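Going by TrEMBL, these are the annotated features:
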BINDING   Gly164, Ala165, Ser166, Ile189, Ile230  NADP(+) binding site
DOMAIN    4-119  domain 'Tetrahydrofolate dehydrogenase/cyclohydrolase catalytic'
DOMAIN    138-279  domain 'Tetrahydrofolate dehydrogenase/cyclohydrolase NAD(P)-binding'
Amino acid sequence: MQILDGKALAKKIEENVTNEVAKLKAETDLTPGLAVILVGQDPASQAYVNMKKKACDRVGFYSVTHEMPQDISQDAIENTITMMNQNPNIDGILVQLPLPPQIDTTKILELVDPAKDVDGFHPYNVGRLVTNLDGFVPCTPLGVMELLSEYNIDVKGKNCCVVGASNIVGKPMAALLLNADATVEVCHIFTDDLKKHTLNADIILVGVGVINLIKEDMVKDGAIIVDIGINRADNGKLVGDVDFANVSPKCSYITPVPGGVGPMTIAMLLSNTLKAAKLNAQKKR
Ligand code: NAD
């Protein structure tokens, strides 16, 4: 069994982004800029935004966080996004989800300029992903593809079972795998007999948010396991959706939690923002 080390690859990608940022600054005098919109006091959202900000600082991006109270109005968020859309110093806009119930999240995500949509959540970019055209791809599934590629794991023709079908994880994961010529099954809360599907898979990619959902009897020998889940166990430790201790001996490769997909998500946010900055730099010339 070999560990798919997301932490190590993320570090490599960060170094590469740092060099590219220095080059961009030297050639164009432009610094990539990321604006983050954070609503409310949710500790997990605050922690994620903090990690993203620190990563931006490390690679030399300009970043700004717009912190807003939980009872913020739709108009106030929309006004901020419109301002960020027009701000030439901002290349990427990220709206930390979830937003409070009074907010129409779809309307907010649709307002982000698709050229600054570094999270890849705008329906324009979703459409480009599904039709296998270049655009911005959601960071978590993009990070998974990078991680598989780093270990020379070619998904072409492989049976891939994606467990979890959200717009930010499961669906874009399935689209990327399909674009890479995998045979893809997508399972979710209403899937009957999950084990029947996972047992058939060469690669299982699970992003659900249920501790120990994937157990050893659900995995065939030699399978590759990508654990996208992030959960807080009773003892306070971060764990994924896979029973790592019992499943890992059966696998050929597996991602740890933490240190697998999580760091790759941040690395892909950096590389998406750099991509946006380069495209915007071309427009400014
Ligand atoms: P979500 O709640 O939006 O979606 C969960 C999905 O899992 C749904 O499609 C649901 O049908 C499915 N599901 C729920 N229970 C199930 C079950 N028992 N069996 C099969 N399917 C089931 O969640 P999300 O935002 O997609 O996040 C999923 C997990 O991924 C969470 O643990 C989250 O913390 C994690 N996550 C990790 C990263 C990262 O960087 N590693 C990024 C985003 C989300």
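Including glycine, each Cβ sits where the backbone N, Cα and C put it.
A TrEMBL annotation is a machine prediction, not a hand-curated record.
Features recorded in TrEMBL, as mapped to the structure shown.
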residue: Gly164; record: NADP(+) binding site; contacts (Cβ under 8 Å, 6+ apart): Gly170, Cys187, His188, Val206, Gly207, Val208, Gly209, Ile228, Gly229
residue: Ala165; record: NADP(+) binding site; contacts (Cβ under 8 Å, 6+ apart): Lys171, Ala174, Val186, Cys187, His188
residue: Ser166; record: NADP(+) binding site; contacts (Cβ under 8 Å, 6+ apart): Gly207
residue: Ile189; record: NADP(+) binding site; contacts (Cβ under 8 Å, 6+ apart): none
residue: Ile230; record: NADP(+) binding site; contacts (Cβ under 8 Å, 6+ apart): Gly209, Leu238, Gly240, Val257, Pro258, Gly262
Segment confidence, the domain 'Tetrahydrofolate dehydrogenase/cyclohydrolase catalytic' (4-119), expressed as mean pLDDT:
97
Could you give the number of helix, strand and coil residues in the domain 'Tetrahydrofolate dehydrogenase/cyclohydrolase catalytic' (4-119) as assigned by DSSP?
63 helix, 18 strand, 35 coil
DSSP says what for the domain 'Tetrahydrofolate dehydrogenase/cyclohydrolase NAD(P)-binding' (138-279): how many helix, strand, coil residues?
56 helix, 26 strand, 60 coil
